[in-house]
């Protein structure tokens with residue numbers, strides 16, 4: 001039985017470091033594409049304003065990118081440090097996408113990011129543009145492989161438990177790569193990154209336009225951000241629905257929890273626009289339901305049912321019983337590697353082995369579990385519904401508000417007259433929304449996966465390293481302190497660079513030329 | 001031929017070699033970035049000099065660091081048990097490495113954003129920590145690996161580490177940390193003489209000559225420690241099944257103080273590797289003095305590669321010995337991924353590694369030339 005506090009602290013540390021890392025990632029994903037597009041316009045038209053735009057947004061990109069890289073190092077090593085049993089249990093499957101991410105994406109991104117900043121005088125405009133696109137491509141490939149790894153945690157296809165090595169092993173790597181959950185998540189996440197960067201560019205440009213500064217640069221940035229933002233926001237919303245659709249195959253429980261659907265309704269199910277779900281009563285109070293909508297979104301049909309929580313719990317109970325059969329066979333194989341009868345039983349029941357492991361929360365040997373413990377374990381497969389219910393709605397609301405903002409902005413920029421000032425103020429106010437949506441979206445996806453670290457395969461509470469609570473407290477304190485200080489520095493530098501504006505490069509050059517004697521060449 | 005490569009035993013040996021290639025790739029590229037960080041307070045006194053030193057690695061350190069990230073990912077994918085045991089076992093040491101490495105991206109990027117000298121000095125120290133601390137700790141980790149680390153597995157193959165941070169910081173491991181630090185400082189100095197102009201290059205030449213000799217002496221001293229049986233030694237005593245399942249509980253291993261020399265005794269040709277581990281740093285020392293900057297850097301690179309290769313060859317087929325339960329040690333034949341994963345990863349490496357090397361070479365070529373105060377002046381705001 002696992003130490004509850006150790007598990008909670010390990011999860012807290014992962015959540016803190018992942019959420020923090022994910023403050024920087026979406027902006028990097030989108031801004032790299034936006035600056036590559038700006039530079040392409042420069043190379044096509046040779047109008048220097050577009051090169052200035054590329055350089056200016058590039059400075060902000062660089063400040064953000066540095067922290068994205070710094071906090072990404074932690075992520076790559078945290079699995080081994082805090083989740084050693086997980087690393088052993090699924091490294092055969094989960095490690096490969098991470099390694100390929102390094103080979104295919106991160107090398108590309110990190111090698112060319114240096115040349116993006118240092119190559120302006122050394123490369124022709126066309127060659128520099130290609131470098132910028134390769135850097136943008138690298139960041140986006142990076143997201144692909146990370147989400148293939150994450151998609152497998154949500155929907156562990158193409159793999160099986162090997163009783164000789166006591167771990168999950170790949171049986172079909174193509175199935176892991178083309179996992180529908182991973183593909184949907186990839187499109188959803190990079191689109192969200194594009195929305196994030198578009199909102200950022202729109203907001204900063206709006207601030208300049210409100211003050212009448214750098215109008216030429218801000219106007220063009222405003223147009224490109226509203227167009228790219230609208231396309232991306234629509235993609236997030238439509239393809240966000242797509243990942244909800246994939247859920248019905250793989251993660252019915254997450255969908256039921258997000259919708260607080262306690263009982264299976266006759267098809268097509270209604271969509272709960274608002275309500276107060278209660279975990280204890282298994283009921284949603286004050287629910288406002290829109291008939292049919294959920295059934296249509298969730299199943300793309302009028303006649304297929306969406307399973308409610310009660311039904312899924314009953315199903316989990318059956319899988320736990322079958323899982324205990326697999327667990328018993330596995331113990332017999334461990335005692336005698338040549339027990340062919342036990343191997344036959346295991347092969348038939350191994351897909352439910354993970355469900356038996358849920359019982360380890362209550363007792364060391366799942367075979368000794370009482371009826372009540374099996375029932376409790378089945379109910380433990382329900383994540384905490386109210387947080388998912390409200391979290392999901394908050395994310396969706398942010399998405400719709402941003403889509404509307406981009407649509408209005410684009411409509412105004414296409415007209416002859418000046419866009420109204422209230423629109424610029426709205427763009428400024430909307431700046432936090434994509435970050436809220438992205439962080440909440442991560443929470444819904446990963447907290448909604450609980451109690452599993454790998455859906456149906458390995459419960460989270462078994463996956464940690466055998467560390468002391470002091471180790472965890474020390475590292476959580478250390479990360480919080482360092483990350484906190486870096487966050488303050490990052491935001492200050494970002495604000496300073498925005499305040500200085502596009503001539504920030506010029507300002508630095510001037511400083512170097514005269515204002516600061518320490519910087520004078522020593523001749 | 002191709003089928004032979006895809007046999008489980010060949011794949012395991014190939015991935016053992018690739019593990020070495022990744023570690024050498026990391027030390028030979030990001031190693032000089034760390035060396036420059038560790039040298040920063042000593043070879044560059046004024047702000048202009050520090051900017052020269054920093055800008056020699058400014059455009060390339062980020063790509064170099066990917067060797068480290070890829071090393072982590074590849075160990076996770078190809079040697080999951082090694083990833084699980086070592087990273088959770090060396091927990092607080094890894095945490096220190098992470099904190100130190102986090103300082104580098106922000107240090108490089110943020111230092112020159114403000115002219116304030118106090119601000120810049122603080123980031124200089126951050127870059128020093130980001131270079132010196134990992135260089136030292138990686139060596140300490142190798143020292144512990146040679147001596148064996150106290151861990152065992154439960155019957156479910158859950159790794160349990162029995163030691164502490166202070167157990168890791170024993171004198172012999174710290175000695176290996178000094179070898180690593182001296183080696184990477186030399187490598188950083190070789191890069192600076194090759195790439196920097198003026199006083200920075202001159203001071204790097206002086207420091208590099210000394211640290212190169214120290215590297216050779218310390219590394220040879222490490223060999224004496226192994227010969228005296230002080231730096232561990234483990235031997236597999238049960239028959240090795242090269243294509244068996246990856247389960248580290250089914251073999252027997254004993255601690256044997258002579259065992260790290262057994263491979264060299266069995267294949268005397270292998271002595272070339274440690275011999276070059278001593279000779280190459282001495283060549284680098286001579287190169288510093290003879291002002292053959294390019295050759296010095298290559299000699300230093302060769303030294304880095306041979307010193308790391310010596311450790312791998314001494315331990316083969318063991319990857320990470322357990323001092324408390326030697327039978328649970330991780331070995332090349334029982335700690336790898338499945339055959340399918342090793343094969344898929346090999347295909348991915350064969351496709352992408354030549355591409356990576358090609359575009360990295362192109363980037364270094366574009367950036368070719370010395371960095372001095374004038375060239376930084378000319379680059380304006382695009383320099384760090």
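All residue numbers here begin at 1 and follow the chain in the order shown.
In case you wondered, yes, glycine gets a Cβ from its N, Cα and C as well.
Per TrEMBL, the features are:
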TRANSMEM  A:20-44  transmembrane segment
TRANSMEM  A:56-74  transmembrane segment
TRANSMEM  A:94-118  transmembrane segment
TRANSMEM  A:130-153  transmembrane segment
TRANSMEM  A:191-210  transmembrane segment
TRANSMEM  A:222-240  transmembrane segment
TRANSMEM  A:387-410  transmembrane segment
TRANSMEM  A:422-445  transmembrane segment
TRANSMEM  A:472-491  transmembrane segment
Positions on the same chain near the transmembrane segment (A:222-240), where near means CB under 8 A and six or more residues out: 30, 33-34, 37-38, 184, 187-188, 191-192, 194-195, 197-199, 201-202, 205-206, 209, 396, 399-400, 402-403, 405-407, 409-410, 413, 419, 427
Non-local residues, at least 6 beyond the ends, that sit with Cβ under 8 Å of the transmembrane segment (A:472-491): 6, 9-10, 12-13, 16-17, 20, 63-64, 66-67, 70-71, 74, 82
Chain residues outside the transmembrane segment (A:94-118) and at least six past its termini with a C-beta under 8 angstroms from it: 58, 62, 65, 69, 76, 79, 87, 128, 131-132, 134-135, 137-142, 144-146, 148-149, 152-153, 170, 173, 176-177
Folded-back contacts onto the transmembrane segment (A:387-410), same chain, C-beta under 8 angstroms, at least six residues removed: 195, 198-199, 202, 222-223, 225-227, 229-230, 233-234, 236-237, 240, 254, 257-260, 272, 274-275, 277, 284, 419, 423, 426-427, 430, 433-434, 436-437, 440-441, 443-444, 447-448
